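Per TrEMBL, the features are:
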| type | residues | note |
| --- | --- | --- |
| BINDING | Leu17, Glu22 | substrate binding site |
| BINDING | Arg107, Leu108, Gly109, Arg110, Gly111, Lys112, Gly113, Tyr114, Tyr115 | ATP binding site |
Amino acid sequence: VIGHPKYQESKRIAIFLSMPDEVQTEEIIKDIFKQGKECFIPRYKPQSNHMDMLKLSSAEDISSLGLTSWNILQPSDDDSTREEALAGGGLDLIFMPGLGFDKKGNRLGRGKGYYDTYLERCMKHPSGKPYTIALAFREQICESVPVTENDVPIDEILYEDC
């Protein structure tokens, strides 16, 4: 990931805070700050498919975040001090989680459509759709995953031995 050309050239990067069963992102987040890039993380709105990408001030900033009912760390709903990526310069790159992926760029998420609706919003932003990279384990790569017309394909899937 750290040596990937898209990562190297990106300045504004969104990345998920990994759950125990996902590719761990802590070292990537540390490197984002080490390289002087801007880091954004998801804030999910419950009972909807709305998600914002809010700016982290440092890797240590993660320890100030609250835990949701889904056991995900994220900024609180009343945190209005953080920049939302689309209110500013948009994003260059989004690292995406998922449960399963196929080699055509289809992604099976957790069923709420948060990333798909966020990417739709990105496409309306002046900076356009960011490059998307899914971080996966080899075991998550399938022949095909079910898709609907609302699913936005990802640009690239990174996994061991890909």
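Numbering starts at 1 and runs along the chain as displayed.
For all residues, glycine too, the Cβ spot is worked out from N, Cα and C.
Since the structure is predicted, the reported quantities are computational estimates derived from the model, not experimental observations.
Long-range Cβ proximity for Glu22 (substrate binding site), meaning a same-chain Cβ under 8 A and a gap of 6 or more residues, is found for Phe16, Pro97, Leu135.
The local packing around Gly109 (ATP binding site), expressed as other Cβ atoms within 10 Å of its Cβ over all shown chains, amounts to 17. Just so you know, the Cβ of Gly113 (ATP binding site) picks up 18 other Cβ atoms within 10 Å once every protein chain is counted. Same-chain residues with CB within 8 A of the center of the Arg107, Leu108, Gly109, Arg110, Gly111, Lys112, Gly113, Tyr114, Tyr115 CB atoms, the ATP site residues themselves not counted, are Gly98, Asp116. Each residue contributes its Cα atom, and for Gly113 (ATP binding site) and Leu17 (substrate binding site) these two points are 17 Å apart.
The least crowded of the binding-site residues Leu17, Gly111, Tyr115, judged by other CB atoms within 10 A of its own CB, is Gly111. Each residue contributes its Cα atom, and for Arg107 (ATP binding site) and Leu17 (substrate binding site) those atoms are 18 Å apart. Counted within 10 Å of its Cβ, the other Cβ atoms near Arg107 (ATP binding site) come to 24, all protein chains included.
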